[in-house]
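Engineer: Here's the feature list from TrEMBL:
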REGION    1-22  region 'Disordered'
TRANSMEM  209-227  transmembrane segment
TRANSMEM  242-261  transmembrane segment
TRANSMEM  268-285  transmembrane segment
TRANSMEM  305-330  transmembrane segment
TRANSMEM  342-365  transmembrane segment
TRANSMEM  393-414  transmembrane segment
TRANSMEM  426-442  transmembrane segment
TRANSMEM  448-469  transmembrane segment
TRANSMEM  490-509  transmembrane segment
Amino acid sequence: MNMMMKVTEDDRSNSNRSGQKRKLSNVGAQHILRLFLWITVYRIINVWVIRTQFDPDEYWQTLEPAYCLVFGPDDGTDHSTIRGTDQYLLHGRRMHYGCALTWEWTRRWTPPSNSEIESTHTSSAMVRLNYLLSEALHGPVRSYVSILPTYLYYLACRPLLNWAAEYDESDKNFNDGSRVVTQYHTEFQRNLKQIIRQHSTYIISKGPVFLHAVLVAAPTDLLVWVISSRIDNQHAGWRRSWPFWALVCSLTSWFHGYALVRTYANSVETVMLILGITLLGPELFGQSQSGGTHVSSSLRERFAFLIGGLSVCVRFTSLAAWIPIGLILVVRSTGNIKIRILLGLCAPFGLLGVLFGCCIDRWFYGFWAIPFLGNVHFNVLLGHGSLYGTHPFLWYAYAGIPAICGVMLPFFIWEISTIRSGSRSLLLWIIAPYIVLHSFSEHKEFRFLLPVLPIICILVGHALSRLVGVMEDTTTNSPQPKKLFTPSNFILVALILLNFPHLLYLGLIHQRGPIATNQYLASVIENETHQAIQSETIRQYTIHYLMGCHSAPVYSHLHTPNARVDAWYLDCSPECRSNPDDICESDAFLNDQLGFVMNAYNVGSWRGNIVREKPSFLVVMQDDAVKIGAFLTNKLKMSHAASIRHTIKSISWHQDQCDASNDGQCLLHEMQHYPLTLFSRIDIHFDHMEVYKS
């Protein structure tokens, strides 16, 4: 037991550091590449398993704005105010699909008139500065930096999908010498176009997630192993090594498997932070050639703080991690070098990264937007983040950290209790300020802690490596067990069994309705528009989502060749939430479902909006469908098309749902559904999403 609690210092002598460098140099690029490929395959399988929705932001903060840029209106229309357009082109020209942007991507003020702008330019520099600052504070709160991978992916897909959407007539002008070759190529192109058309929805909706698995999740896992390797000075076997168990913790973490692969800005912030720590590793952990007291910064260090500046553009709260990193470098240096590191490395290259991010946003927005200032103004100065939910100050301590750590929590606490100094204590100095800063915000979510979870995996990996070492040492003098029952195998299997069951449940069952519903709608539209390819016509569809705030993705999951979709979703913007005299569409529907749909489709306008035409499809939750189902079928003449399972509603002992007097026919209400019966004993009742069709 004393051996288990013994503190192992991470800062070794210069000879140990040299030995560690030789050890790392022996790990060739080929080995690292092979490890990365295996991790990538694992994360791709991870993405394939995930078929549910965690939080709407994974779509509305990445997929929808990127889709709007590439497939949305291209006729000079302001993207910040449009949700769709009736213009479309085919046969070598671009077809315009829908566009959906939330309030986060728009200006939150009215730009001044030309006369006011001219008077501003002629006034003093201080007045112009105040004007620019006010414009930045009231500007968009989201940066396009985090959606660049998705944007570039969509940009590459656009010509391919446009080519597949075109209809090619058979070439009848064959020459005898090339007849067979021409027919072969024509048939091949037809088959290829058909395959692309059939899978175009999946290519657009799921492709960016696979891209994140390769560019975000897999690099994060690999860098966890790299950082652990750099600060590990022990020459233990690979099953007892710190890097091995740190990587295992990252790969088996249920929250990494559930959230890291998704298209969140938090995921991009995570890989940026872990990459920065990796690049600064020798200086952070005292392994540089000059012992952390160098004068001139290397290209590697400059690039690290450049990434730090970009991460601030993605989420301004990443300052809570990058400021401690800079302070650690300053504290670990001596004399005048402290000022040189602060003013010659951290500040200038961090600001350069911020400027680079602002230039990217300038390109996409068309004006000088500074989203991290808009975020500060909205969440800190106005405190409007609380409009979307609040939690107590200590919520991250007693709920957030235990939830994302899961089975790793006891080992994390044990590791913290044994840390006195050294490299592991520096990792805590990065984690603690990040959690404390986020605790001051009233609006809290589990995914906000995602950037520090890889660091937690590094610390837990050290605890597990010590535990395995102690367990194997205590069994040295005992009869040699079979290799299958070694301590390392036992812990590895335990991590898998304690993480993967609920990961599979959350990834396959819980909140699967929005994704499955859009897959159903896209398949129906694709089947109906199949004949439109030859008739050279485009069919128009309207889909109304009468559900909570941004409950489902829209155009990024409805992309279908030769079909034009216009979606309507209920508004829940801060303008109506923060105004006590106003009411959001989502709240109005929740308060009175029948009255809302009567006003929206039949009686008259609501909040001054034009009465909606009957849609092609209408999506509503099961409980709400019970209240408005009769109106939809009798007044709007819509028919119930599908019921799609969303999540588990309740579990009960099995009861016979059938009435024997009715020849065994089950007497269920129209909006009630059969439960799923397990082992003839347990009934699982699901909540459903109902689809109506004109």
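Think of each number as a place in line: the chain as shown, counted from 1.
Just so it is clear, glycine is given a Cβ too, placed from its N, Cα and C backbone atoms.
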Engineer: At a Cβ cut-off of 8 Å, and with pairs 6 or more apart in sequence only, do we get at least 3 pairs between the transmembrane segment (242-261) and the transmembrane segment (305-330), yes or no?
Structural biologist: no
Engineer: The transmembrane segment (448-469) vs the transmembrane segment (268-285): three or more C-beta pairs under 8 Å (separation of 6 or more)?
Structural biologist: yes
Engineer: Between the transmembrane segment (305-330) and the transmembrane segment (426-442), are there three or more C-beta pairs closer than 8 Å, counting only pairs 6 or more apart along the chain?
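Structural biologist: Touching, yes - the transmembrane segment (305-330) and the transmembrane segment (426-442) meet the threshold of 3 or more Cβ pairs under 8 Å.
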